[in-house]
Amino acid sequence: MIEDELDPGFADLFDPQDRAPCELYLISPLDVGGDFADRLAAALDAGPVAAFQLRLKGHDDHAIARAAEPLMKICAEREVAFIVNDSVSLAKRLGADGVHLGQGDGDPREARAVLGPNAQIGVTCHDSRHLAMEAGEAGADYIAFGAFFPTSTKETSHRPEPSILSWWSRLFEMPCVAIGGITPANAKVLVDAGADFVAVCNAVWGHEQGPAAAITEFQGVLGR
Ligand SMILES: Cc1ncc(COP(=O)(O)OP(=O)(O)O)c(N)n1
Ligand SMILES: Cc1nc(C(=O)O)sc1CCOP(=O)(O)O
Ligand SMILES: [Mg+2]
């Protein structure tokens, strides 16, 4: 398999330690009702966050669009990229900054044709170097590997090693995102391996002292 043929030793073009500091990429909970808008604002005001992904499941586009409106405003006011999960057409309708595509969510080339050159298009690549290179060739702006740790947010069936981040970041400039069960206590190994972003849901929204406290804790471990 091509993944095995391209193992360490093939090339060592970039040092992961020379990359820009790792940044936070927040994933929404499945329920963004109630006081979620205030919680999002508190999280974004607690420290730098690069992106927020609206990840709602089982709702029609109209309902998601209604939920998105105040959250997009909060992100725009703070210059945080607003990424829509799964749906290119919804990202287009909302004027979002980008879309995140799983392996079954559509082709990045088609997403680019619809969303234009400035859209941020991310692609899930599980634990696969092959999928990551395919996504790069298809014009993705970032690729995501995961799930690095057990997570209760989603059923997962892939468990990459942190070394996949080192492999990617030595060979390619395109950013890589690490996702899955990431907390302030376990993130450092992914940062040191070369993750450009850590994508986090439960460790932020489920933090017992609230999302702002979680953001502050993450800031302490994101430096290289
Ligand atoms: C940043 C990021 N990485 C991976 C995923 C997972 O996407 P997908 O495989 O399409 O699964 P769902 O999130 O749609 O359940 C993601 N959303 N974001
Ligand atoms: C949405 C998602 N995708 C994953 C993948 O492996 O592709 S893991 C995951 C859940 C991320 O949430 P938490 O930070 O709570 O584990
Ligand atoms: Mg998806």
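Cβ coordinates come from backbone N, Cα and C, glycine included.
The structure displayed is predicted, hence computed values, not measured ones.
Here is what TrEMBL records for this protein:
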type	residues	note
BINDING	Gln53, Leu54, Arg55, Leu56, Lys57, Asn85, Thr124, Lys154	4-amino-2-methyl-5-(diphosphooxymethyl)pyrimidine binding site
BINDING	Asp86, Asp105	Mg(2+) binding site
DOMAIN	24-204	domain 'Thiamine phosphate synthase/TenI'
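Listed in sequence order, the binding-site residues among Leu54, Asp86, Asp105 whose CB lies under 6 angstroms from an atom of ligand 3 come out as Asp86, Asp105. Of the recorded residues, Gln53 (4-amino-2-methyl-5-(diphosphooxymethyl)pyrimidine binding site) and Asp105 (Mg(2+) binding site) place their C-alpha atoms 15 Å from one another. For the binding-site residues Asp86, Asp105, the greatest number of Cβ atoms within 10 Å around a candidate Cβ is found at Asp86. Per-residue pLDDT, averaged across the domain 'Thiamine phosphate synthase/TenI' (24-204), gives 98. In this structure, none of the binding-site residues Leu54, Leu56, Lys57 sits close to ligand 1 with a C-beta under 6 angstroms from any of its atoms. With a cut-off of under 6 Å between the Cβ and any atom of ligand 2, the binding-site residues Leu54, Asp105, Lys154 reduce to Lys154. Taken residue by residue with DSSP, Gln53 (4-amino-2-methyl-5-(diphosphooxymethyl)pyrimidine binding site) is part of a strand.
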